[in-house]
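As given in Swiss-Prot:
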{"type": "DISULFID", "residues": "C3-C19", "note": "disulfide bond"}
{"type": "DISULFID", "residues": "C10-C22", "note": "disulfide bond"}
{"type": "DISULFID", "residues": "C18-C42", "note": "disulfide bond"}
{"type": "DISULFID", "residues": "C24-C40", "note": "disulfide bond"}
Amino acid sequence: KECMADGTVCYIHNHNDCCGSCLCPNGPLARPWEMLVGNCKCGPKA
């Protein structure tokens, strides 16, 4: 299965599809909400 390139918006349902990690700006507590609203993007593996 293809993985999503860095810079692609990642959501709860597909954050594991990033080639690297799904990176969210405001840390772990806000993460579920940020994924919901589309604030997270695929980036290099953490």
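All positions are counted from 1 along the displayed chain.
Just so it is clear, glycine is given a Cβ too, placed from its N, Cα and C backbone atoms.
Swiss-Prot feature annotations superimposed on the structure.
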| residue | record | contacts (Cβ under 8 Å, 6+ apart) |
| --- | --- | --- |
| C3 | disulfide bond | D17, C18, C19 |
| C10 | disulfide bond | M4, D17, C18, C22, M35, C40, K41, C42 |
| C24 | disulfide bond | A30, R31, E34, M35, N39, C40 |
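The least crowded of the disulfide-bonded residues C19, C40, C42, judged by other CB atoms within 10 A of its own CB, is C19.
Its Cβ taken as reference, C18 (disulfide bond) is surrounded by 22 other Cβ atoms within 10 Å in the chains shown.
All protein chains considered, the CB of C22 (disulfide bond) has 23 other CB atoms within 10 Å.
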